[in-house]
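What follows is one structure encoded as structure tokens, with my remarks underneath.
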Amino acid sequence: MKTQQIAQQLILGSSSIYRRDLLQRLQIPFDVSNPDIDETPLPGETPDATAVRLAAAKTRAVAATHPGALIIGADQVAVFEGIQLGKPLNHLNATRQLQLIRGKEVSFYTALCLFNSAQDTTRARLVPSRVKFRLLSDRQIENYLDKEQPYHCAASSKLEGLGIALIEHMEGEDPTALIGLPLIALVEMLTLEGVEIV
């Protein structure tokens, strides 16, 4: 398999192995850098604005040590009935989140940002998805949490893994957005930056 060569260094600003795996699908060379940013929502900030701001902040954090690179940043926020569902961080919070959203619809906002640090230009896109969760029993929730431990996933939903079994149906323009990196939008952005994928 031959990988495409690109003129600028391409960097994925993420610690997520799932975003890295998604980007590898495009068969282009890239490096990974973990952006160390505060992901706390700002007071009064809407969930979609939070996602866009954090995706952009990740690219800027990486750009500080990688001048001249094309930097990809992404962030995802889940919302249920106007409430932002963050990363649960532990078993108890994950149980509560999944009990709250079982049988219900949750909106996921996945923001994508491509920062050209050589030209100081940014391209950004917000890709919304709606997910209807199955009406899960407490036993099913417990089984899922024991097997997957999705404590660092928005809404306790590790959709790139066993979390797919929690879904009754989903609506959205890009299925990869739910995993955290909307590849359809990314291909368009990279093409505009002169990176040929195919």
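Along the chain as shown, the residues are counted starting at 1.
Heads up, the Cβ atoms here are built off N, Cα and C, so glycines get one too.
Here is what Swiss-Prot says about this protein:
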- Tyr18: site 'Important for substrate specificity' (SITE)
- Asp75: active site, proton acceptor (ACT_SITE)
- Gln76: site 'Important for substrate specificity' (SITE)
- Glu160: site 'Important for substrate specificity' (SITE)
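Among the recorded positions Asp75, Gln76, Glu160, the residue whose Cα lies closest in space to that of Tyr18 (site 'Important for substrate specificity') is Glu160. In sequence order, Tyr18, Asp21, Ile179, Gly180 constitute the residues six or more apart from Glu160 (site 'Important for substrate specificity') in its chain with CB-CB distances below 8 Å. If you draw a 10 Å sphere around the CB of the residue listed as 'active site, proton acceptor', it holds 23 other CB atoms from the protein chains shown. Around the Cβ of Tyr18 (site 'Important for substrate specificity'), 17 further Cβ atoms fall within 10 Å across all displayed protein chains. A 10 Å cutoff on Cβ-Cβ distances gives Gln76 (site 'Important for substrate specificity') a total of 29 other Cβ atoms nearby, all chains included.
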